There are 2 protein chains.
Amino acid sequence: MALAGEFDIIARIFAPLATDASALGLKDDAAVLTVTDDHQLVVTCDTLVSGVHFLKDDPPRSIGYKALAVNLSDLTAKGAHGYVYTLSLALPREMDMAWLEAFAAGLAEVQDRTGISLVGGDTTATSGPPTITVTALGLVQHEAAITRLGAKPGDRLYTNGTIGDAYLGLKLLQDPSRAQAWALSESDVAYLTDRYRRPPIDTDAALLIRNFAKAAIDISDGLAADAEKLCQVSHVGAEIEVARIPLSPAVQKALQAAPDLLRDLVGAGDDYAALVAVSEGSAVLFESEAESHGVPFVQLGTITGADGGVRLLTQDGRVLALDRKGFTHF
Amino acid sequence: MALAGEFDIIARIFAPLATDASALGLKDDAAVLTVTDDHQLVVTCDTLVSGVHFLKDDPPRSIGYKALAVNLSDLTAKGAHGYVYTLSLALPREMDMAWLEAFAAGLAEVQDRTGISLVGGDTTATSGPPTITVTALGLVQHEAAITRLGAKPGDRLYTNGTIGDAYLGLKLLQDPSRAQAWALSESDVAYLTDRYRRPPIDTDAALLIRNFAKAAIDISDGLAADAEKLCQVSHVGAEIEVARIPLSPAVQKALQAAPDLLRDLVGAGDDYAALVAVSEGSAVLFESEAESHGVPFVQLGTITGADGGVRLLTQDGRVLALDRKGFTHF
């Protein structure tokens, strides 16, 4: 069955996701939101194109999950929690309602975990690949939002996620024979591909970032590239110790089999963890608060002066040369 | 020349549009907005796909203009004024910087006329047609936003735009030989095609809508379809007098040559005018305020009980039968 009419799609598929009264049940062209003096709004926008940001054959539920999760990652890195979002879908005419229902179930899963809800959007036909844009609004207490600006030499650099899982997951989906070359078990492969399709969501990190971070960014274009972006805006440099980069057991296995992968893991990849600069003076309290909230922040480096840029140091003190610093789309 | 890198595009093309401090110069993943207790936020989202919502050969400047203007139309119908917007661009790799610069000039024109400014977005490559999503935020005084809900039998129905211009403009662009069949001059054709490419922006209407409307909607899927949507949410019906529908001189000429066009004009089309219900008691004041603000609101009908649905009455009292009520995308 091809798609039903746009109104039917909204009523059947998306209206159940519009749980906030501001959405007017998606029966209007716009949502009306109340924001108070106490809070600021954080606005972020990400577009996912089939074949670029997800694979054509990815399960639609994971596509919905990912479309919303990558925006939550941006909000979390600002110290904000999710409030509402708009959803734009440009879909080929042959997509069916079952696809849309599964897609919406992925959105619903993120909504349930984060409290964000749908307030509007647009659904159109396209002759091109499915294209999904989410614009998400988050709330943060007044003056508490964290940006890329504010890191100072001497600050410690932390992340709360393992690096490279999604990158290897993508490579395995593109060529399953790599599993053997990398000595990975079936469950390793399942873990890594799931991390590509379903980025981690760690909303508890938002509170810690808000309370402790001097600057933060989410790692969506690779650890090296996003560290570089944070450093550029803050006018600082950074040293990252390769041995301290958190790696999942599956990635550790793959690296043992193919050590050269390291360069790619840190140079590209959709990790969707936060990279956070914390002053030395608050580091002890930050670490103990992180532990008590169950957020696995790990120190992987230090902010330095701007001269050095971002340098990844191996255990024997060499600088890891990168072919490309992160993923760019053109 | 193909496109430069994403960062270059942002710095050269879009950063100049990010005039509000909240945008952080587009150097971050998110914008941080301050909204006060006095105002509510209105959120709307529209996606334009090349070949569906604009023509492949439309000038890029008019595409940028249209992408933002159609969102302003939604905000105006809510009684809100434009605040900030995000822009998502999925573009083929062969698009060049000249195209993007002209596109941005169209955005800038709408920004200058309305005060809205860019705060973020995403730029990605696609193998499909250029796809543009704008999510716009507007501000309206607390509790002053107007929705589709609230029209009552006896209310008067007004619009501030001429109907059918964009529809005929599109038909002329698709088949220029129609100009002769419709007895249109070159300047008529230029007027109508311009109305298709550059929807009207009438931000002064927002104040009048906020102060006088009981319900409102923007006409983006055809007069009949949008009247129907407003009536469904308000649980009312409407009678629209065909003879009172405002028509431009060019459309009047075409209708003389081809009277059957009427059905299509009111049944489909991107008019981007507001359709507004005003109580009988405030109609006189509304009309005089509209006149003094130079907003051409014209009464074209009356809200009735729900039983009749939306009926378009011809001068001899017949009900105009419509083949299709408005444009749906699937």
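Every residue, even glycine, has its Cβ placed from backbone N, Cα and C.
Keep in mind that TrEMBL annotations are predicted by a computer and have not been checked by a curator.
Annotation comment: TrEMBL describes B:ASP29, B:THR44, B:ASP74 as Mg(2+) 4 binding site. The Cβ of B:ASP74 (Mg(2+) 4 binding site) has 25 other Cβ atoms within 10 Å, all protein chains considered.
Marked as Mg(2+) 3 binding site by TrEMBL: B:ASP29, B:ASP74, B:ASP218. In the shown protein chains, 28 other C-beta atoms lie within 10 A of the C-beta of B:ASP218 (Mg(2+) 3 binding site).
Annotation source TrEMBL lists Mg(2+) 1 binding site at B:ASP46, B:ASP122. Sequence-distant neighbours of B:ASP122 (Mg(2+) 1 binding site): residues of the same chain at least 6 apart with a C-beta under 8 Å from its C-beta are B:SER88, B:LEU89.
The feature Mg(2+) 2 binding site is assigned by TrEMBL to B:ASP46, B:ASP74. Remark: B:ASP46 (Mg(2+) 1 binding site) has B:ALA67, B:VAL70, B:ASN71, B:ASP74, B:THR133, B:VAL134 as non-local neighbours, by Cβ distance under 8 Å and separation of at least 6 in sequence.
Per TrEMBL, substrate binding site is recorded for B:HIS53, B:ASP270, B:PHE327. Under the three-state DSSP scheme, B:HIS53 (substrate binding site) falls in the coil class. Cβ neighbours within 10 Å of B:HIS53 (substrate binding site), excluding its own Cβ and spanning all shown chains: 20.
In this structure, B:ASP122 (Mg(2+) 1 binding site) is part of a beta strand by DSSP. For B:GLY121, B:ASP122, B:ARG148, B:SER220, the entry in TrEMBL reads ATP binding site.
Packing around B:ASP221 (Mg(2+) 5 binding site) is summarised by its Cβ count: 22 other Cβ atoms lie within 10 angstroms of its Cβ, all protein chains included. The Mg(2+) 5 binding site feature in TrEMBL is assigned to B:ASP221.
Among the features that TrEMBL reports, domain 'PurM-like N-terminal' is placed at B:28-140.
Each residue in the domain 'PurM-like C-terminal' (B:152-309) has a pLDDT score, and their mean in this model is 95. Positions annotated as domain 'PurM-like C-terminal' by TrEMBL: B:152-309.
Among the binding-site residues B:THR44, B:ASP221, B:ASP270, the ones whose Cβ sits under 8 Å from a Cβ of chain A are, in sequence order, B:THR44.
Between B:SER220 (ATP binding site) and B:ASP29 (Mg(2+) 4 binding site), the C-alpha separation comes to 32 Å.
The domain 'PurM-like N-terminal' (B:28-140): residue composition by secondary structure is 36 helix, 47 strand, 30 coil, according to DSSP. When Cα-Cα distances from B:THR44 (Mg(2+) 4 binding site) are compared across the binding-site residues B:ARG148, B:ASP218, B:ASP270, the shortest belongs to B:ASP218.
Proximity of B:ARG148 (ATP binding site) to non-local residues of its own chain (separation of 6 or more, Cβ distance below 8 Å) is seen for B:ALA215, B:ALA216, B:ILE217, B:LYS229, B:LEU230, B:GLN232, B:VAL233, B:SER234, given in sequence order. Per Cα geometry, B:HIS53 is the residue among the binding-site residues B:HIS53, B:ASP218, B:ASP221, B:ASP270 nearest to B:GLY121 (ATP binding site). Within the same chain, residues at least 6 positions away in sequence whose Cβ sits under 8 Å from that of B:ASP29 (Mg(2+) 4 binding site) are B:GLY120.
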